[in-house]
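Student: Here it is: the structure, laid out below.
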Amino acid sequence: MVEDFNRIFNCFGSIFLCFMLSVTYLASIHVWNSPYNRDHPITIKKKIRQCICYVIRCTMLSVCRNKKDILEKVSMWEILGLKTEGLCQAIFMPLFLTMILFLGPMSMELYSGLSKLYTEEMYWFSNVTNLIWIRNHIAAPFSEEFTYRCCMLPLLLQNFKPTTAIIISPLFFGVGFQFVYTTIFGMYSSYLFYRTGHFISLFVVHAFCNHMGFPEVTEIGTYKQNKKIIISSLFVAGFVLDHVIVVLEGHSGVQRNEEADRLAREGSAMYPIGPEPILGVPYSMGVSAMKELLTKEFKNSWHVTLGMQQAKTHIEGPSLKLTKCLVIGIAEDPKCLEDEETLSHVLTE
């Protein structure tokens, strides 16, 4: 009873802590009132400094709330997704997976000629020196992913199953922003963090999604018929391929799943110990096997038993139909025109 109460208390405690982290994050952004609009350089610089200070406080709070036995196995930085092991894979694989999802919007940029801007040096220079671009593609992905994924998800995983934690985590993010879109993206981002364990995966994917924006499906109608078909097909193909890859790769690479696979392989390689059969035999299979055995033995007995030479001359083996005719006197063949069924007629006709 006490263990159940502690488990429920810890679950609600982790949810409450995540809620408070979300509230304080939003407060650090929106409480301070600026005399300028949100795109003014002074406003942007002030909010970036506030986000940096909040991330530091959030890191300290999140680490303090992690269980001691977890901190004994892995470092604080690994829990927060700040590690170098598998860094290249963590950068490019999630980005490639997300680009597949955006095949439709990327094809629209290709047809419109917008993709040519990416080859221009001035395009990148003007962006990296633009505070609005830095806010949208660096500051926002960094602070949001670090707070809502790297700090919150480890707290939830201590008390919930991975699937439950992945679903719950984006709800705190969706409360402060556009609920549906941000919640769906938050689940995707939480899944990436759970699978990779790298903060850099979340940062790169979030920055890419901010760059692409929400897909403008209505713009498909502005293209010619052939391009319209191609773009529509790429929208569907990207969505389907992305989900297929996620489902196929969802099992591999997870430590507990890999451990279960290893134990299963070891178990299948061992010689079974215990009464046979090791696996139970279905009732229908047993009945079918018994009928087959009895029929085989009856046919062997038919051919081995002496006598009945005349019957064996006309009959290849035991026949249920002929047995009914002989014993009961019923003919089931509608082609039979005899008025009376006799032993000679049944055996010879």
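Each residue, glycine too, has its Cβ placed from N, Cα and C.
Predicted automatically and left uncurated, TrEMBL annotations should be read as such.
Annotations for this protein, taken from TrEMBL, read as follows:
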| type | residues | note |
| --- | --- | --- |
| TRANSMEM | 12-32 | transmembrane segment |
| TRANSMEM | 86-108 | transmembrane segment |
| DOMAIN | 131-212 | domain 'CAAX prenyl protease 2/Lysostaphin resistance protein A-like' |
| TRANSMEM | 165-185 | transmembrane segment |
| TRANSMEM | 192-209 | transmembrane segment |
| TRANSMEM | 229-248 | transmembrane segment |
Student: Would you kindly check 12-32, 86-108, 229-248 and say which stretch has the most C-beta pairs under 8 angstroms to the transmembrane segment (192-209)?
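Tutor: Result: 86-108.
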Student: Provide the three-state DSSP residue tally for the domain 'CAAX prenyl protease 2/Lysostaphin resistance protein A-like' (131-212): helix first, then strand, then coil.
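Tutor: For the domain 'CAAX prenyl protease 2/Lysostaphin resistance protein A-like' (131-212), the helix, strand and coil counts are 74 helix, 0 strand, 8 coil.
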Student: Go through the chain and flag residues at least 6 beyond the ends of the transmembrane segment (86-108) whose CB is under 8 A from any CB in it; none is fine as an answer.
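Tutor: Residues 115, 192, 196-198, 200-201, 204-205, 208-209, 212-213, 215-216, 219-220, 223, 230-232, 234-239, 241-242, 245-246 contact the transmembrane segment (86-108) from elsewhere in the chain.
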